[in-house]
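Take a look at the structure set out below.
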Amino acid sequence: MRILGIDPGLLTTGFGVVDSDGHALSYVASGTISTRHLGSGNLPARLKVLFDGIAEIAARYQPDASAVEIIFVNVNPQSTLLLGQARGACVTSLVNSNLSVAEYTALQMKKAVAGHGQAAKAQVQEMVKRLLDLPGLPGADAADALGIAITHAQVGRSMARLAEAAELSKTHAGTYRQGRSR
């Protein structure tokens, strides 16, 4: 399964694409979409750049699923609202590209990638490098996006195991009655 991970941001949005085949993860691509070249007063243009950029990435890499980091509530409510709009542009673009969208918090991603939810950016970058066998450290935004994709791959494996267990329990449920085998 090919997974597109997104770390939304109004100035810089990270993206990461990984392939998950059973227990193996492989790196496909990563990078950022930047709106820094646009003026700070040009919010609609920035949102369009994010929307179009995500659509282009989805068309180029043809992911089977996507995952997006859930935003945190910042001390500054205006910053939270702006980040929410950027995230909305990204999610809308993913849905418009006919992709399912899973959502994970930064804490969930850090725990899945680095082993604990309070991992520093540098620790996430190092673990993403190791998990995907990259030659160098990815940038912070790309590393977070790759981490979100890795988290979704791990959750997908867990859900597949649960589905298999549920199916197995259905086949064996009818063979036992009142504690005795038929």
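Note: Cβ is positioned from N, Cα and C throughout, glycine not excepted.
Under the heading active site, Swiss-Prot lists Asp7, Glu69, Asp141. Per Swiss-Prot, Mg(2+) 1 binding site is recorded for Asp7, Asp141. Among the features that Swiss-Prot reports, Mg(2+) 2 binding site is placed at Glu69, with the record citing sequence analysis.
Positions of Swiss-Prot features highlighted on the structure.
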residue : record                : DSSP (3 states)
Asp7    : active site           : strand
Glu69   : active site           : strand
Asp141  : Mg(2+) 1 binding site : helix
Taking the Cβ of Asp141 (Mg(2+) 1 binding site) as the reference point, list residues of the same chain whose Cβ is under 8 angstroms away and which are at least six residues distant in sequence. Asp7, Gly9, Thr12, Thr13, Gly14, Thr32
10 Å Cβ neighbour count around Asp7 (active site)? 26
So what sits near Glu69 (active site) in its own chain, CB-to-CB under 8 Å and at least six residues off in sequence? Ile6, Asp7, Pro8, Glu103, Tyr104, Thr105, Ala106, Met109, Asp144, Ala145, Ile148
